[in-house]
Amino acid sequence: MTTNGILQILAFTAIIWALAKPIGGFMAKVFAGERTWLHRILRPVEVAIYKLCGVDEAAEQRWTGYAGSLLAFSLVSLLFTYLIQRVQQWLPLNPQGLANVAADLGWNTAASFTTNTNWQAYTPETTMSYITQMIALATHNFFSAAAGIAVAIAFVRGFSRHSANTLGNFWVDFTRATLYILLPMSLLAALFFCSQGVIQNLDPYTKVTTLEGAVQTIPQGPVASQEAIKMLGTNGGGFFNANSAHPYENPTPLANLAQMVLIFLIPAGLTYTFGKMIKDTRQGWALLAAMTVLFLAGVCVVYPAEQAGNPVITRLGVAGGNMEGKEVRFGIANSALFTVVTTDASCGAVNNVHDSLTPLGGLVPLVNIELGEVVFGGVGSGLYGMLLFAILAVFIAGLMVGRTPEYLGKKIEQKEVKMVMLSVLVLALCILGFSAAGIGQQTVANSMTNHGPHGLTEVLYGYTSAAGNNGSAFAGLSANTMYLNTTLGIAMLCGRFLMLIPLLAAAGSLAQKKLVPVSAGTFPTHGPLFVTLLVGVVVIVGALTFFPALSLGPIVEHFLMHQGRLWS
């Protein structure tokens, strides 16, 4: 590792901590319905939306109604996205005359963007028209992110309310998340990206003659507007196949820094929002501290692993670390940092090829997703995911001292623990179940570019990314097949909604409880001891579940690499 690289990582971390309070405080005001500096402009628009859609702003929903609204909206979103892809050939803004998307790929993509996964089993430049990119994919980057934020706010209300039967109104939370948070921030980010050289046009693709005399086609499109929400909403789907390694998406080191900040901005801010809503900001800082510890631990593995490089190559006299699959303009430090950031959050955008990482370098992003995307995590999903582990942590602490566990003045009882464990187990069952079924299929074996432990890792990473709603990939797996499109799409939906429903049920139960007065025996949940316990529970429950599978993949590949044994 270099001093310059370490300083860049520390500077990035400091920026995130500095922005958490102002962004989090703003979001707390938005969801409390308080006046903000955007109120004068956007409040009339908000009211008009409610009138147009027949939404009663004052009406609140029980957890069942909240979950029902979320599922209904997501179903409509999925069908709309699928339909647009299937008829794009006859729609305007298709200067390249791209054909309709195949049925299985359309299903996979619709499930992907509805669930905030943005898994892409296609090459965007040659598959999706401008109209599809804008009204089917980019809009769902907003919608899926807003839905995640809404669920997180509803879950927090489970702690902030007592003796209550409702968690808020999904349609109101969804509208406010989109209108006051995602749209203004995305507009500012898009303008900044344009200033850095990210393109924004509706031009046909440009044909140029290279210095060698060959003709090359250079894709165009409305990239900056999609790039902004792709990062801010932790969506991750690239306008181009190279994603954020493409100079039209991520042209400068400053743009690269801004993209990483956008990925963590809302997840970090929501921890402060949580603290404000429960009237104890120390609780939010404790969650942010736990997230930061896990984040820096990941960086401290990936960066030195990539800087050390492949020992087989080093023995040949080639020094300089592992630069395979990395952009020279970013280097190893920023590539390693981006890798950890995008997999800590459920973003999935990449500025380097994850399949070309060293075994230990590839292990960390895989584990990050398998932890449940709780290390900052996606917009909304990171907060409610970490709160699930916080409930487990206080439950375990209560068992150790023989007390009924409490968290934020609420007793954690049988129902809450069952719902929390159901949410936690869904991810493991989806990842391991689909991976085990897929690895035995000949069609999956044919899709693997590599064999041996690396091939297993490609399949495991694919289903992990899908079920964890991340969207990044070990690109050696050729995923555009009927079997993979279908099963990965199912894994995305299961990983999203089978986790959310038990979570909302737990929130509804918590909201009904009375507050328990703080006593001398109450376990404090805002200090270093709780942060340590929380980190330990995340690692033990999240990571150890997958240790046998990881042992057969990146871990054994690491030892084989040091023995000089490689796989192709």
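Keep in mind that glycine also has a Cβ here, set from the backbone N, Cα and C atoms.
Within the listed segments 321-343, 459-481, Swiss-Prot records transmembrane segment for the stretch 459-481. Annotation: stretch 64-84 has the most Cβ pairs under 8 Å to the transmembrane segment (135-155), among 64-84, 254-274, 382-402, 419-439, 459-481. The recorded stretches the transmembrane segment (382-402) and the transmembrane segment (254-274) share 3+ CB pairs below 8 A when only pairs 6 or more apart in sequence are counted, and are therefore in contact.
Contact count against the transmembrane segment (529-549) (Cβ pairs under 8 Å) is highest for 285-305, out of 6-26, 285-305, 419-439, 459-481, 488-508. When each of 6-26, 64-84, 459-481 is checked for Cβ pairs under 8 Å to the transmembrane segment (254-274), 6-26 comes out on top. Under 8 Å from some Cβ of the transmembrane segment (6-26) lie the Cβ atoms of residues 36, 181, 257, 260-261, 264-266, 268-276, 284, 288, 292, 295-296, 299, 303, 333-334, 337, all in the same chain and six or more residues away from its ends.
Sequence-distant contacts of the transmembrane segment (285-305), counting only residues of its own chain at least 6 positions beyond either end whose CB sits under 8 Å from a CB of the stretch, comprise 1, 5, 9, 13, 16-17, 20, 267-268, 271-272, 274-275, 322, 332-333, 336-337, 339-341, 344, 357-358, 360-361, 363-365, 367-368, 371, 374-377, 382-383, 386-387, 390, 525-527, 530-531, 534-535, 538-539. Outside the transmembrane segment (459-481) by six or more residues, the chain places 105, 112, 115-122, 235-237, 342-343, 346-350, 353-355, 362, 365-366, 369-370, 372-373, 378, 381, 427, 430-431, 434-435, 438-439, 443-444, 446-450, 487-489, 491-492, 494-496, 549-550, 553 with a CB less than 8 A from a CB of the stretch.
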